[in-house]
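These come from TrEMBL:
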- 1-33: region 'Disordered' (REGION)
- 42-61: transmembrane segment (TRANSMEM)
- 81-100: transmembrane segment (TRANSMEM)
- 107-127: transmembrane segment (TRANSMEM)
- 133-156: transmembrane segment (TRANSMEM)
- 168-188: transmembrane segment (TRANSMEM)
- 200-220: transmembrane segment (TRANSMEM)
- 241-264: transmembrane segment (TRANSMEM)
- 276-296: transmembrane segment (TRANSMEM)
- 308-329: transmembrane segment (TRANSMEM)
- 335-355: transmembrane segment (TRANSMEM)
- 367-389: transmembrane segment (TRANSMEM)
- 401-424: transmembrane segment (TRANSMEM)
Amino acid sequence: MDNSVDNSVVDPEKTEAVESSEISSSPPYPAMEPTSPSRWTAYLQILAGHLMIFDTFGYIGSWGLFQSYYISTLGRSQSDISWIGSIQLLLVFFVGTFSGRSLDAGYLRITLAIGCALQILGIFAAASATTYWQLLLAQGICVGLGDGLIFCPMISLISTYYDDKNRALAVSFAAAGAATGGMVFPAIAKQLLPRLGEPWSVRVMGFVFVFNSAITLLVVKPRVAARKSGPLVEWTAFKELPYSLYAIGIFLTLWGLYFAYYYISIFGSHVIHVPSAQSFYLIIAINGIGIPGRIFPAWLAARVIGNALHVLIPLTFGAGVLLYFWRLVHSYSGLLAWIIVYGFFANAVQSLFVGSVGSLTKDRQKMGVRVGMIFTIVSFACLTGPPIAGALIDLRGGDFLYAQIFGGTAVVLGSCVLTIAAIASSRQIILNEK
């Protein structure tokens, strides 16, 4: 990645404000300081973002371990347990629609502090939970609210430090925290569950949250001055065919995409009969491949193709086809190979779907609100997709066929609608040029 930091906002000879990134809340940003931030200050914001996404999506990406454990200990159905993880994922995006405005309003630090406190409170409460409803409140709602308060503001903050050339890569390095967290938390469970049991294993994870939160709150540094935010909803966006089609397409995509993360460990133990000592490797593999899966496609979109949506479409289609091919997996080695390939495609989709909104929005001043609207829409896909898959697995008596068909069909249909959105956008550009 080019190490240059975006200095345009702080040049006293320039009056033009910096354009926001595809993920920031309400561009453009006014200057806060008369001098440019140091390179190390900018790097520290990436580190802070990495640690916060480590705690949010890294923990969510490890849900497959919790799913398997809680089904056996609480005696609830696949679908019931899925609601805990799905509510947590819903709140990441839904609350993020509103929390992203904290950067604009000048409340970044207090928002992050509250979010970290809720995460830590929820983790330690989950460690002591003994019933389904206690776990739903602690891990699903409390941790989910904390995740939602942290995710969008941190991504938006990083976006203010880098120019258009380097912004996508900077955000991708932060987003890779989902992969590193998705490897560390299962490793903690692997080492500690046999010796300490579930409560203390989760508490150790909670101490990881405490450490990451302390580092983040020490180094985080807003670069922009407080200002008034724009509206939360821009209804006229849905009158634009490309945007409406994109919203439908990405809903379908994420409706089926996360199902594998939740159930891969259960598939390994119940269908392939993988020993429990090895099942955690499946979670590590599907998350670990996210490091290249999130960074390389972002580099390709930023430096080679020049359009995130055009990179997103084939990756989405590939992820959907792979969900169909999951049915053909009958061995541990085959499952591990499938996970690595699917994990690359699925992580790439997660990395690119927000930035792809920029391909459909030429007015940067509308970028923040339009991304927030997409967050709201996909939050309900994330809420309902895994429980539907769980209900389909229960319907088949533990067989995954219906769930695999559901996931594959949703993602493939999503890629088709995204393709139509890209075509409609290209035609709109041609008409505007005429």
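Here, residue 1 is simply the first one shown, and the rest follow in order.
Glycine is no exception: its Cβ is also placed from the backbone N, Cα and C atoms.
Outside the transmembrane segment (308-329) by six or more residues, the chain places 22, 168, 246, 253, 256-257, 259-260, 272, 297-298, 300-302, 335, 338, 341-342, 345-346, 348-349, 352-353, 355-356, 358-360, 400-401, 404-405, 407-416, 418-419, 421-422, 425 with a CB less than 8 A from a CB of the stretch. Counting Cβ pairs under 8 Å that are 6 or more residues apart, the transmembrane segment (401-424) and the transmembrane segment (241-264) reach 3 or more and are in contact.
If you count C-beta pairs under 8 angstroms between the transmembrane segment (168-188) and each of 81-100, 107-127, 133-156, 276-296, 335-355, the highest count goes to 276-296.
Scored by C-beta pairs under 8 angstroms, the transmembrane segment (367-389) has its highest count with 241-264, from the stretches 107-127, 133-156, 241-264. Sequence-distant neighbours of the transmembrane segment (335-355) (same chain, 6+ residues past either end, Cβ-Cβ under 8 Å): 22-23, 57, 168, 171-172, 175, 178-179, 250, 253-254, 257, 260-261, 264, 267-268, 272, 274, 281-282, 285-290, 292-298, 301, 308, 311-312, 315-316, 318-319, 322-323, 325-326, 329, 371, 374-375, 378. With a cut-off of 8 Å between Cβ atoms, the residues of this chain six or more beyond the transmembrane segment (81-100) that come close are 24-25, 56-57, 60, 63, 66-67, 70-71, 74, 111, 115, 135-136, 139-141, 143-145, 147-153, 156, 232, 258, 262, 368, 372-373, 375-376, 378-380, 382-387, 389-390.
Contact between the transmembrane segment (200-220) and the transmembrane segment (276-296) is not supported, since fewer than 3 Cβ pairs fall under 8 Å when only residues 6 or more apart in sequence are counted. Recorded stretches compared: 107-127, 241-264, 276-296; the one with the most Cβ pairs under 8 Å to the transmembrane segment (133-156) is 107-127.
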